[in-house]
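Now, the feature entries from Swiss-Prot:
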type     : residues : note
REGION   : 30-59    : region 'Disordered'
COMPBIAS : 42-54    : compositional bias 'Low complexity'
MOTIF    : 79-82    : motif 'IAP-binding'
REGION   : 143-306  : region 'Serine protease'
ACT_SITE : His161   : active site, charge relay system
ACT_SITE : Asp193   : active site, charge relay system
ACT_SITE : Ser270   : active site, charge relay system
DOMAIN   : 329-414  : domain 'PDZ'
Amino acid sequence: MALRGSHRLDDFIRRCSALTLFHSQAPSRRVSHCGRDRRQQQDPPGQGRQEQQESGGGHWSRFGWRSLIRFFVPFSLGAVASSLVIKREELTPTITAKAMSGRRRDFNFIADVVAGCADSVVYIEIKDTRHFDYFSGQPITASNGSGFIIEQNGLILTNAHVVINKPHTMVQVRLSDGRTFPATIEDVDQTSDLATLRIQVSNLSVMRLGKSSTLRSGEWVVALGSPLALSNTVTAGVISSTQRASQELGLRNRDINYLQTDAAITFGNSGGPLVNLDGEAIGVNSMKVTAGISFAIPIDYVKVFLERAAERRKKGAAYKTGYPVKRYMGITMLTLTPDILFELKSRSQNMPSNLTHGVLVWKVIVGSPAHSGGLQPGDIVTHINKKEIKNSSDVYDALADNSKHLDIVILRGVKQMHVTITPEDP
C-alpha cells in the first residue's frame, strides 16, 4: 500500500510538470525535472515563453514544487499510515471453526466443547461483610468458587461448601460477559454437597445436562471454572473411574459413587461443570486430592436433588438438608483412605512413608478461624486435642465438643507442627 501511494504521488507530479500554470514576464530559470540540475541561465530572446511552457513557469518553478511536495507527502504518508492501521487489525482476526483447515479443524474438539458451553459458567464470590478493603471500601473476598446456569431465569447450580458455613457473608455472581449480580441461596443439600443460587436476570445461556450413567472410563471430559479467581479457565482429561464410592473417600453420611478424573480441578473449580464432548454437564466438580486425582458429583445424582428442590419451591419452601449446624472452623477436608494414601505417596516424596491415616485439608477459607490459626491447604490433620484423627467424622466430633480451643497436630510435608484454632459459634 505504501508503494502504491508513492507511485500515485510521482505520477501526479509528472502530470503537473506538463501544464502551464501561469506565465511570468521575468526571465525564466530552468530547473531540471528532478530538481538535481540547478544550473541557471538566461534564455535567448524569443524562447522565454517556450521555456516557460516546458518548465511550468518562472515563479512556480522556483517555489511551487516545494509547496506541492510539502502538501502531498504528508497526505501520502497519512494514507499509508491509515492503511497500516487496517493491516494491524487484520493481524488478530476472529477465526471460526469452519474457517480452519487441516488438523486444527479435525482435532480441536476441546475448543468446540468450550465454545458451546462456556457462556453458562459463572464465577462465585463470597464477600465478608465484616471486613472491607482499605482502598475501595468494598467487602473483601473470603472465598470463591464456580457454578453453572441451569435455567434461563437465573437459577445456578454449585457445591454447598462453596456458599454455606460462612457467617457474616454475602454471595456475588459474575457472568462470563463481566456483569455482576448479588445472589440468594435457594436450596442446599449438605449431604450431597449441592446448592442452588438465584440471580435476578433472565435470558441467560443454559448448560445442558447429560447422563452420567452412560459414561465409560477413558472418555474425554472438560472441566470449566474459575481457579484462583481466573474466570473461564478450561482443563481437559479423561474419566478414570465412574464408580468411586464415597466410603472409599471417607466422606461422612454420603452414598454417592463419584466420578474420578485426571482433569485438573482446584479450589476455584468447585461447583463448575464437568462436561462431555457433546457439551453436556455430566458432573459437578467437587474436590481435588492431588495432581491427576479429582472427583465430581455425577449429574444423575444432581438431577434427583434438583427435582426435590423444584417440588419444595412449588410448595413455597426451600429444600435444605444436611448436618446440624456446628461450630465453624473454615476448612474443606478429605479422609485419607489407604488407596488415596498410596496414590499420594507414589506421586510425592514429601509424604511420610509411615503415615497410615489422617484427614487432608483441601481448602482453607480466607479469614476463617482455620486461616487465622495457621492451617494451610495440603496439611494433614493427625490429632485434635490429643485424640487421633482417622477420618472426617472425627473432626466433626471434635467441633461438637465443648472445648474452646482446638490443639491440632498436622503434617506439613514431612514436618510435624502444632496449630491452635478457636472455632466460631453458629
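Each Cβ is built from the backbone N, Cα and C atoms, and glycine gets one as well.
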Considering the active-site residues His161, Asp193, Ser270, which residue's Cβ sits among the greatest number of other Cβ atoms within 10 Å?
-> Ser270
Could you state the whole-number distance in Å separating the C-alpha atoms of Asp193 (active site, charge relay system) and Ser270 (active site, charge relay system)?
-> 10
Taking the Cα atoms as reference points, how far is Ser270 (active site, charge relay system) from His161 (active site, charge relay system) in Å?
-> 9
Express the predicted model's confidence over the region 'Serine protease' (143-306) as a mean pLDDT, rounded to an integer.
-> 88
Kindly report the helix/strand/coil residue split of the domain 'PDZ' (329-414) according to DSSP, in that order.
-> 24 helix, 25 strand, 37 coil
